[in-house]
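Read through the structure below, which is laid out as structure tokens, and then see the notes.
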Amino acid sequence: MNTKTAFSVIAPAKLNLFLHINARRKDGYHELETLFTFLNFGDTLDFSLDENNQILITGDTKGIADTDNLIYKAALLLQKHTNISLGAKINLTKRLPMGGGVGGGSSDAATTLLALNKLWNTQLSIEQLAGIGLQLGADVPVFIRGRSAIAQGIGEQLVDVELEQKWYCVVHPNQHVSTAQIFTHPDLKRDTPKISGDWRAHKLTNDCEPLVKKLCPEVEKTLQWLLKYAPSKMTGTGSCCFVEFASQVQAQDVLDKLPHTWQGFVASSTNVSPAHTELAAIFDQ
Ligand SMILES: C[C@@](CO)(OP(=O)(O)O)[C@H](O)COP(=O)(O)OP(=O)(O)OC[C@H]1O[C@@H](n2ccc(N)nc2=O)[C@H](O)[C@@H]1O
Ligand SMILES: Nc1ncnc2c1ncn2[C@@H]1O[C@H](COP(=O)(O)OP(=O)(O)O)[C@@H](O)[C@H]1O
């Protein structure tokens, strides 16, 4: 057995390559269909074992109280679920914009569950971890499974897909968009029919985009600016927008021209979450 007591793992960004909203459920959640892929870019989490059962979070917590931090919540849920009396020190290096639609909080939570399951040797299955993750957010299970996937239900019913590797220039227009605000807005389009047959043959859009553009003119500006280079899209409920290319050079060229008021990054997509690849390299050799 590999007994590593300190290691670092990525919490990667995700993109929603399309996002259709099919209906609103009685509990307020929405039935959706979305295509998730992962990027080779994200936050970094450093884990070290604490023989006491304390969970200590340090680093770029950006004013989030410990008890609200999804990393802390994930660690606590795993402790409770497994009755383990071990703890951990977890340091966060934040690179993913909060409220940016790239899933930073959910990815931090998922990486925490995956990593502590190894650090504490609690041996839960991916399905068990995804079940725990779902209590923290609709987006967490896809990061736990770590495969590009079409999601249905509220985002937790996942069917793996194999996508070609692409390069993305992702732009954050310095706006925080609250997922809850978008999903409770009366003007959100909620009636896109479910995809029948092959999703690749359909018109694929992001149903949140028209509303977010209206509420947030800076997002509209970003999409317009990116359109000069390639078809531009928004991820999740925003605010990040992206363009897709076959090569790194093309994506970097757009980033180099980015107006200084916005931030961005270039990253390649991957069908397997880099969190899984990194953990396998640490624990499964
Ligand atoms: C819609 C997505 C697409 O990836 O948006 P982003 O947050 O990534 O932008 C996600 O599934 C979001 O997942 P996550 O951010 O984990 O959502 P949660 O914390 O569970 O819920 C945040 C808010 O969104 C609403 N919500 C979320 C998912 C869903 N299928 N229907 C909803 O109505 C919830 O009612 C809640 O008010
Ligand atoms: N570790 C964390 N990282 C980011 N956000 C967190 C974290 N813990 C709690 N949150 C909360 O989750 C909200 C959504 O964050 P995030 O996942 O980055 O956005 P999005 O779902 O739009 O990609 C944040 O505004 C923040 O209040």
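Keep in mind that glycine also has a Cβ here, set from the backbone N, Cα and C atoms.
Annotated features in TrEMBL:
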ACT_SITE  Lys14  active site
ACT_SITE  Asp139  active site
BINDING   Pro97, Met98, Gly99, Gly100, Gly101, Val102, Gly103, Gly104, Gly105, Ser106, Ser107  ATP binding site
DOMAIN    69-146  domain 'GHMP kinase N-terminal'
DOMAIN    204-262  domain 'GHMP kinase C-terminal'
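Distribution of TrEMBL features across the structure.
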residue: Lys14; record: active site; Cβ within 10 Å: 27
residue: Pro97; record: ATP binding site; Cβ within 10 Å: 21
residue: Gly99; record: ATP binding site; Cβ within 10 Å: 19
residue: Gly101; record: ATP binding site; Cβ within 10 Å: 31
residue: Gly103; record: ATP binding site; Cβ within 10 Å: 28
residue: Gly105; record: ATP binding site; Cβ within 10 Å: 25
residue: Ser107; record: ATP binding site; Cβ within 10 Å: 28
residue: Asp139; record: active site; Cβ within 10 Å: 26
Pro97, Gly99, Gly101, Gly103, Gly105, Ser107 screened against Lys14 (active site), Cα within 10 Å - retained binding-site residues: Gly101, Gly103, Ser107
PLDDT averaged over every residue in the domain 'GHMP kinase C-terminal' (204-262): 97
Pairwise CA distance, Pro97 (ATP binding site) versus Asp139 (active site), rounded so that it is a whole Å: 16
Distance-selected recorded positions near ligand 1 (C-beta under 6 Å), from Gly99, Gly101, Gly103, Asp139: Gly101, Gly103, Asp139
Neighbourhood of ligand 2 - recorded positions from Lys14, Gly99, Gly101, Gly103, Gly105, Ser107 with Cβ under 6 Å: Gly99, Gly101, Gly103, Gly105
Non-site residues, in chain order, whose CB comes within 8 A of the mean position of the CB atoms of Pro97, Met98, Gly99, Gly100, Gly101, Val102, Gly103, Gly104, Gly105, Ser106, Ser107 at ATP: Ala13, Leu96, Gly236
Residues in the domain 'GHMP kinase C-terminal' (204-262) grouped by DSSP into helix, strand and remaining coil: 26 helix, 9 strand, 24 coil
Rounded Cα separation (Å) that holds between Gly103 (ATP binding site) and Asp139 (active site): 7
Conformational class of Gly105 (ATP binding site) under the three-state DSSP mapping: helix
Alpha-carbon distance [Asp139 (active site); Ser107 (ATP binding site)] in Å: 8
